[in-house]
Amino acid sequence: MADDEGTEFKLQANSELRFEVEAKASVEIEMLDGRAEMFGTELAKNKKYSFVSGSKVAIFTWHGCTLQLKGKTEVAYISKETPMTVYVNTHAAMEQMRAKAEAENTRGPRILVVGPTDVGKSTLCRILVNYAVRLGRSPVFADIDVGQGNMGLPGTIGALVVERTADVEEGFQQTAPLVFHYGHKSANDNFQLYNMLVSRLAEIINVRCEQSKKVNCSGVIINTAGWIRGAGYEALKQAAGAFEVDVICVLDQERLYNQLKGDLPDFVKIVLLPKSGGVVERSQATRAESRDGRIREYFYGLKNNFFPHGFDVKFNDIKLFKVGAPSLPESCLPLGMKAQDSQTKLVPLLPSHNLLHHILSVSAATTVDQDIVETNVLGFIVVTGVDMDKSLFTVLSPSPRPLPRNILLVMDIQFMDIK
Amino acid sequence: MSFYDLVKDSVLSAQELFKYRLKRETSLPSRGGQKDFQPDGSWIQTKALEAFMQERTSILSEQRVEKLKNLIEGKWDINKRLVNVKKTGKFWTHMGFTDNLRNWLYPEEALFLMEANVLEVYYRDLPLSIQEAYFEFLGPDVSLEEYQVFSHLRRLGFVVLRHESHPVITPYERQINLDKYIKKSQRKERKGKALQKGRKIIQLNGNSQGNSKEPAISSEIINDAIFAQDNLIPAASESNGNVSNSLKKMDTEYNESNGVEESVSFQHPADSVERVNVQPENVSVNTFQKAEKRCTSTVDNKTEISPAKIPRIDNESISLEGNPENAVVSTCGGEFSKGSSENCNSFQSSTNSRFYHDLWADCLQVAAKIHSSSHSELEDTHALEVTAENTQQKQLTSNLETHRDNKASDSSNKVVEPTVPLPNIANRNAVWLVAPDSRLLPSSVELNEEEEESLMFDVEQYRLKYPLKPKNRQMEKEEEREARIASLNFSFAEWTQRRPLVTATNWKDYKQKLAERLREINATTPVDHYWEGDVTPLVRPSDADSYECILKKLSIIQTAEDESLVPEADCVVSVKISYDVHLPDSKFKKSMPGVPNHRVCVTKCNSQPPGLAEIQELWSRFKDDVPIHWAVVDSGEIAFYIFDNSYKSESWT
């Protein structure tokens, strides 16, 4: 749809350019004139930004600008109807709360963004965080969406203190996030563990906020998963309670809005916000692909600029665990005995061929005595080969040997390293 | 005239009988030996072929001799499509059923017995020939392939019963050993009901298979073939003695023409049931006539690998919206090459070690300290608690203020306000937004105050553009269920439900009150005393939200595994199981057969293998571990396949 010289788009004030990059192609954007931003991050003039295949991008301008687009896009159009004014108002309200918190030396506002799948929750969170950072705040961005893994990898939840706006191409810089190992693609798989980890995340964030006044009054922005029915709804309520949120933004679902309004106490402000027209619904296949892409990005970098290391690890050097054991129903147990909380139990594992292609989290715990389930992880490795005769396995790791810790947690998620 | 004189032509004498007792070195005929790929004109090849052909023709032309009194008489009832027998023989222990004081045989059973020289079926007072029997008995309820599978399995010795789609005895009853105590009369009652249901289903399924055409074709061809033959022996009006001969001859001709018939039937246009031509592997085409098959294809338990690839795509398209995070991370097909990682070794990473810096370690330590010293009175925790309380208090006042402010601004529609309210499009037609103070906005983010339109968000238009998605059935069901649960009436309602809502002004308060409420509920139930001893009930009254919760807690009703894979009922053609197979066992009781050892589903070789949705639906139908075999029939050759369902169980070590 665009040829080699590129197409020029002239945008008026309060409009945005939306485009999707075709599969196996890349697109380059350059801002020639005016001022524009992408999901809250300002674009620099005359700088070329490239987007990988499959990206869905919207570049918004408050004043008007000229953009040049080079490359193959599935769609590229300008839209004048965006909910950005609504989002900016939300940000302004939050900023007011922050100013008050700063003045009174109290805790900053905590906002939970909820909604069904594909409404733009992650984007809204990104915009809010970026705007806060541009005003000099240091908000904490927490992501409890286990499926997509924008923070860490799919199968983890995490939080990050943000001090710089997200990079246009690469997103938030994740050098020191707080990441907890969950191990499954969906919160449904181990509900108890999920709730436990969310509470733990909230707890640690509270401690962090206590340590720095700046972080404390900047507040927390929490992104959730799109699972909002049944047990997912319970998980939302628990997350709201664990983080002690002040505001809940419901995107585009009146039903959820009414439910939350009925169930949560009055001091929690619940608002319904519109979703953007540029939001694209993803199929299951696309979601799975984006998960895979996220894992690949972790190891190889967005533009294949990281070089992960492959080396051998002996079985004796490491300790393997997984969280969650199959539980016996209480009716099967002898009278008088109670079933323990097996869903959050730490189960040691023997290395075997079952581990092939699974992702392992490297726990920050140094000894087995610590509560490994509730300890954060430092990173991830993939098992690329298992040699039972020599008792070792080959792993792909982001940094050279040796591994920083020797306690590893096994995830349900697998990754095939195809070059 | 003595009795002997009257019957001496038809009854064989002892000497003649002895003649027919042929001794053979091997019980099985040879299958041809090593395959020759082309005729090479050698003498030895022609001789080998000749010998092979001779052996075949001699076996086929063999006359089968049976005791006269073993021949049972049966009557074909065309309305019921069953054969009525008055006297029953040895086969009665594992074939047929009784209904209204009469003994009946299923058509496939009757046909099998006819071919085995045990039964003679009369229709309109004349005994049926084998070809007529094939024509009459095989129809919409029993297809030719099903009969072939049936006879094959019976010849191997298995006890093959028609599939019981509505089990007379539920697995639960079996589990608690109730099946032994159900009285015979009750069982018959249940069986009758099940049969009625079953017959309707079989008819429906059978019609959809569209098999009614085949026997018609077969009879035409047979008639042609027979008229062309010289050794034609009229089927009807043979006296009993020569019945065996004539039947034998008819068999031969029928079988020869059968070969023709079978090849024709597969050029028959595709059935009304969807399937596209896919040839499964391992079906060897062999022209060995089915009447004389002794031990041909063994029961092959092969796991089908190729269809598994197709279902992966099906899975994604069939997936439900209820749980969107259940997609399979793509793992098929990729080959890991060690080379790539070894190449990486030679490069130094351009960035620093990318394991995360553990900046949060101190936070974790503090948290650990809080936990460990939560009971003792250390200064730091105390201080933390105090500060926490203070912040909460301040938060509480600030919240109240902003809340009040927001309320004020919401009610009025003025544009300029000192405080910016949180925008909310719920229950409104339009939202007037405020242009926030520039202090609140980052640089270069400016809202044009002049344009009134940019400050107004038209909610109605938004709703028109994005109307509510039509809910799919699963969501509707869930909502119905939630509504039902909400409207449940509890006894002791004043104690569980009708309590005033917990009100609080901040989170800490709220949580405390909630915990108190929970404790109250747990502490003051009318059945408190049950928890006093060692043996406690499994379910607490506070757990009782609905039937499902309780049953789940007790784990009586097991949910289908992998619920996300169970498709909606209207988009999948359910697989028809034809037979329940039991092992040849003298302890087998027809009245109470028990759980079958195998179940068989019959398909043709040109139909598509079942997709993942169908297999999943099939497995969820039966909660027991009985293997389900697919019998693929190709011109009389049958191959059995099983799908390996071990992927379902997650096993780590």
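Even glycines carry a Cβ here, placed using N, Cα and C.
Caution: TrEMBL annotation is automatic and unverified by curators.
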TrEMBL has A:GLU16, A:ASP118, A:VAL119, A:GLY120, A:LYS121, A:SER122, A:THR123 down as binding ATP; which of A:LYS45, A:LYS47, A:LYS48, A:LYS56 does it also list for that site? A:LYS56
Return the count of C-beta atoms lying within 10 angstroms of the C-beta of A:ASP118 (ATP binding site), excluding that atom itself. 18
Cβ packing number for A:VAL119 (ATP binding site), 10 Å threshold: 23
If you run through the domain 'Clp1 C-terminal' (A:307-417) with DSSP, how many residues end up as helix, strand and coil? 15 helix, 46 strand, 50 coil
Non-local Cβ contacts of A:THR123 (ATP binding site) (under 8 Å, 6 or more apart, same chain)? A:PHE39, A:SER276, A:VAL279
Cβ neighbours within the same chain of A:GLU16 (ATP binding site) - under 8 Å, at least six residues apart: A:ALA58, A:ILE59, A:PHE60, A:THR61, A:ILE78, A:SER79, A:THR82, A:MET84, A:GLY278
Express in Å, rounded to the nearest integer, the largest CA to CA distance found among the ATP-binding residues A:GLU16, A:LYS56, A:ASP118, A:VAL119, A:GLY120, A:LYS121, A:SER122, A:THR123 named in the record. 19
Cβ-Cβ distance under 8 Å to A:LYS56 (ATP binding site), same chain, at least six residues away: A:ARG18, A:PHE19, A:GLU20, A:VAL21, A:GLY278, A:VAL280
Minimal Cβ count within 10 Å, across the binding-site residues A:GLY120, A:LYS121, A:SER122, points to A:SER122
